[in-house]
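As written in TrEMBL, here are the features:
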ACT_SITE  E154  active site
BINDING   C110, H153, H157  Fe cation binding site
Amino acid sequence: MITMEDIIREGNPILRQVAKDVPLPASDEEKDTLRKMLEFLKNSQNEEIAKKYGLRAGIGIAAPQIAMSKRMIALYLDDENGKHYEYMLFNPKIISHSVENTYLEGGEGCLSVDRDVPGFVPRHARVKVKAFDIDGHPVTLRLKGYPAVAIQHEIDHLDGILFYDHINKDDPFKIPDHVAEEDVY
Ligand code: SB7
Ligand code: NI
């Protein structure tokens, strides 16, 4: 299983690399890693298991965070209405997004960042993402709100970007442009 010891931290240059596309069909090893990434998220949100193994709760994880510079992400979260989202994706790509932006009032955190970095992280309010599922089938996702923010955080990891890169240096809590009231979470 994946534990916190497998998660690399800021300062490791792998987190700043642009990850490589996974040639499809993915290998059994790549698929196995992707399944383990989702399992890590589930474990990290299970109080008992998280405590036992010292896991920090995560709603998403990208392969570069376990030192594998390949375009693979997993997500495991509930949105503000309690709807559950669970994905294992190869080669996710944002193909279109809203003009409107959003941000989480509480800011963002990262399993690869062992400190609090306060500030608003501007994100697209809605995104359309094309990717391939674990079986290599193409999928198109239309996401808004919390899941949209989460997938943008993960796709950023594939491009060597960390959440705090987006925070306004001079004014971390400046409200991003083009944010509608209903898009703040
Ligand atoms: C807050 C946290 C995350 C995404 C969006 C808002 C993910 C935290 C876990 N990760 O470090 C995943 O890359
Ligand atoms: Ni992260």
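Glycine is no exception: its Cβ is also placed from the backbone N, Cα and C atoms.
Where the annotation comes from TrEMBL, it is an automatic prediction and has not been curated.
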Near-site residues: Fe cation, ref C110, H153, H157, CB cutoff 8 A to centroid: G60, A62, Q65, E108, L111, S112, E154, D156, L162, F163
Residues satisfying Cβ distance under 8 Å from H153 (Fe cation binding site), sequence separation of at least 6: G60, E108, C110, V121, R123, F163
Protein Cβ atoms within 10 Å of C110 (Fe cation binding site), excluding its own: 23
H157 (Fe cation binding site) CB neighbourhood, other CB atoms within 10 A: 23
DSSP-derived class (H/G/I helix, E/B strand, else coil) of H157 (Fe cation binding site): helix
